[in-house]
C-alpha cells in the first residue's frame, strides 16, 4: 500500500544539481573496454588487453575512482565529512557453498566449446578455496581500499588530519556488521597511525541517519537474489536468455544451462576480479563484453528499485543523513566549534541514500526491464556509483573570498548549481539544500514506520476477513 499525504508531498526538488550531474556520464561512458566484436565479442580472455571491470556493486574501487580531492588556492579545509561503504569482501556463507557447484559445472565443457584452449584449461584448473569462516569478511583488497583512501585524505588535508585524535576532533560511526567495523578500524589506523583505544561507536537502532533497516533496507546481501518487478521482467526476458544461450554455447553444450548456474559463474568472475585486480578470473571467459553489459543492468535495476529513484521513498530515506552533512557545515559557517572530521562506515543502502537525496545519477527516463538498449548511456550505473568502498565526501573550506564547499562521489567532484561549480560558494549549497534541512517534521524515517504499521493493519484485516469467511461456509 502506498502511503499518501505529507510524506510524499515533500518532493525536495534538486533539478539544478540533477541536471549538472550529466557530466558524470563523461567518465561513465569512457568505461567501454575495446573488445573486438566477433562471435558476440568472443575472444581469448586469458590474453585480452582490456578485460571488463564493471560489475555493479562488486566493482573494484580503483576501476572507477577519481582524483578530484583538492584544496583550492587561498582556502583552508575546516571539516571533512564522509559516508563510506565497506571495502571489498568475501561472499556469504550460503554463496560460498553455492559456488562449490562450479566444480561440477566445469566438467561439462565439451569438445564443441568455442572458448580458446587457454580459457578452457583455466576453468578446468579452477577451484574454490574459501571456507564458511570467510562469510562476509573484509578481504585483503578491501583493507587496501580503505587504507589508501585514508592516506589520500590525510595527504590532501594535513590541516585536518595532523591533529591528534580526540572524540571532539573526530566522530566515527559504523554499522554493527563486522566488515563495516573492520573498514572503519583500518581507516582509523591509517589516519592516526595507531589502533583505536576503544571499539568505534556503532549505530543505534533509533538513528535515522544510518540505521535504515526500518525501511527494509538490508546491507549488500548475496542471498537476496530473488528478482522483483522490473528486475524479474528483465531476467526472464530475451536479452538475459540470450546470455544464457551464449554461455551454454561457449561451453559446447547442446542444451542451455539454467540462469542460476550462469549467475554462479558470474559471481565467481566478479569476486575474483575484485580481489585480484590484475587477474584473469577463469569463469569470466564464458562471457562476452555484451553479456557483461546485460548482466550489469540486472544489478542497476535491483538497486534502482531498492535504494534509488525507482523506490517511492528512495530519495526521502537519505534526508536525515544529508541533513547531518548540511547542519555540520552550517555550524562551521557560523563560527561554531565542531569536529574536524565526521566518518560513517556502512553498506550500499547508506551510500545510495545519500546519492539519491543529492540527485546524483538521476535519469530523465526510468530504468525498466524492457529498455536496456535505450538506457545504455544511463547515469544510474552502480558500477560507478556504488563499487566496493564507494563513498561520498564533502569538504568545507574557509577561503579568502568566502566560505566554500565541495561534494565528491568516489573522489569525483560533483558539479552543482547552474554554473556547475565543483568548489562552490557555501551560500549556494546551503540555499539549494534548505528545503530538506529546514523541516524536522518530514526529514526522518517515519514514513517507513507508517508503511510497516499499515502493512500490519492490512494483514490483520485480511486474516480477520478470512476467519469470518470460514465461519460462514
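Quick reminder: no glycine exception, Cβ is built from N, Cα and C everywhere.
As annotated by TrEMBL, signal peptide applies to 1-22.
Look at TrEMBL and you will find 75-399 (among others) tagged as disulfide bond. Neighbours of residue 399 (disulfide bond), defined as other CB atoms within 10 A of its CB across all chains, total 16.
Under the heading disulfide bond, TrEMBL lists 269-284 (among others).
Annotation comment: TrEMBL describes 452-472 as transmembrane segment.
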**Fill in**
Judged by other C-beta atoms within 10 Å of its C-beta, the most isolated of the disulfide-bonded residues 75, 269, 284 is 75
**Fill in**
Rounded Cα distance, in Å, between residue 399 (disulfide bond) and residue 269 (disulfide bond) is 47
